[in-house]
Ligand code: ATP
C-alpha cells in the first residue's frame, strides 16, 4: 500500500536546556519553566552546563522538578553560561553532537542572545536536533519578541543608579554622562533615559550631533544647573568618557564640572523583576511546547502578549528598531 504524506515524527522523550552568551536576570525563571514543562509533559529533561562549552565537554546532568526549586527569584543562571570559541568550529560542534547523542537527547532549549541563536541555527542545519530558543539577553536587540528576558531588570537597575546620580548632580550643579549597556542597541539607554528624566540620550541607532548637544546644554544652563546624559555603550561617537571630553572642550566653561559614570555589569545582575520572571516563564514553557509540536530552528518570543515562534534566521537577521516616539519624547521633555 502506498503511504502518502510525511511520516509522523517519533515522539520526543529527552530534551536538554542550556544558557549561553551573556547572562541576564530571568534566565533562571526560563530554565525552571522549561524543566517543569518538560517533566509535566512526561519528558526526561537534562541541563547542559556552561552553554556550548559544556555541550562539547559533556557537562550534562539530568534535572528534576526540585533541581529548579528556589531559583525563580535569582539573577544569573544556575546552569552557568560561557562563550565558546570551539563551538564555532565543525570539530567542536561534532563533539557536542556526539555528547548529546550519548545521552539520547532529541530536542534542545537554547536560552541566549543572537550569538547563541546563530550557533543553534548552524548546529541544527548540520545535525538536525530540533531546537527552540528563548530570548535571554539584557540588550533587547532580538527581532521576534517585544522584550527580551532580563531587559526590564537591567533598565530598572540603570534607573535606580540614575536616580542616585541625579541627587549628587543636582547638589553640585554637575553634568553627568552615564554609560549604560546594550551593545549595538539603544533600548536600555532610551528606557532608562526616559524613566530617569535625562536631558539627552545618545544611542547607536541615531547619529549623535555633538554641536546640537553643546548648543542645547548651553541653552539649558539658563534654566537648569545640572544635567543627565545617558550614553549607550555602542554610540557612534564613542564611550561616555570620550563624549564627555568632546563636550567639555566645546563648552569651555571652567566653572562647570563634568563627570562620567559607567554602570557596567551591575546591569546584568540582581533579582529579576516580575516582568522578567513572567516573560522567562512564558518563553521557557513555549519553547518546550514548540518542540513537542514539531517546531525547530526558531525562537519562542512574546509579541502583543501572544507567544510567537520566529525563525532563528529572522531573529538574527532582521533589525529591531527603536520606537521613534520614544526619542521624540526625550527631546520634548528635556526643555
Ligand atoms: P549576548 O547578546 O547577551 O551577549 P549572545 O548569545 O549573543 O548573548 P555570544 O557570545 O555572541 O552571546 O554567543 C554565544 C555563543 O554562541 C558563542 O560563544 C559561540 O559559542 C556561539 N556562536 C556564536 N556565533 C556562532 C557561529 N557563527 N557559529 C557557531 N557558534 C556560534
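Keep in mind that glycine also has a Cβ here, set from the backbone N, Cα and C atoms.
Look at TrEMBL and you will find 14-290 tagged as domain 'Phosphofructokinase'. Annotation source TrEMBL lists ATP binding site at 22, 83, 84, 113, 114, 115, 116. Per TrEMBL, ADP binding site is recorded for 32, 33, 34, 35, 36, 166, 197, 198, 199, 222, 224, 225, 226. Positions annotated as Mg(2+) binding site by TrEMBL: 114. For 137, 138, 139, 174, 181, 182, 183, 233, 259, 265, 266, 267, 268, the entry in TrEMBL reads substrate binding site. For 139, the entry in TrEMBL reads active site, proton acceptor.
In this record, substrate is bound by 137, 138, 139, 174, 181, 182, 183, 233, 259, 265, 266, 267, 268; the longest C-alpha to C-alpha distance in that set is 33 Å. For residue 181 (substrate binding site), the nearest neighbour among the binding-site residues 83, 113, 116, 224, judged by Cα separation, is 113. For the pair residue 137 (substrate binding site) and residue 197 (ADP binding site), the Cα-Cα distance reads 25 Å. Here the candidates are the binding-site residues 83, 114, 259. The one whose C-alpha lies nearest to that of residue 34 (ADP binding site) is 114. Counting neighbouring Cβ atoms within 10 Å of each of the binding-site residues (22, 113, 115, 197), the lowest count belongs to 197. For the recorded site, residue 259 (substrate binding site), the DSSP three-state label reads strand. When the binding-site residues 84, 115, 199, 226 are ranked by how far their Cα is from the Cα of residue 183 (substrate binding site), 115 comes first. Distances between the Cα of residue 259 (substrate binding site) and those of the binding-site residues 32, 36, 114, 116, 199 are shortest for 199.
Note: residue 139 (substrate binding site) has non-local neighbours 113, 148, 151, 181, 182, 183, 185, 187, 188, i.e. same-chain residues 6+ apart with C-beta under 8 A of its own C-beta. Here the binding residues for ATP are 22, 83, 84, 113, 114, 115, 116. Their largest Cα to Cα distance works out to 14 Å. For the pair formed by residue 224 (ADP binding site) and residue 22 (ATP binding site), distance between Cα atoms is given as 38 Å, rounded to the nearest Å.
Here the C-alpha separation of residue 268 (substrate binding site) and residue 116 (ATP binding site) works out to 17 Å.
Screening the binding-site residues 22, 34, 115, 224 for a C-beta under 6 A from any atom of ligand 1 leaves 22, 115. Mean pLDDT, taken over the domain 'Phosphofructokinase' (14-290), works out to 95 on the 0 to 100 scale.
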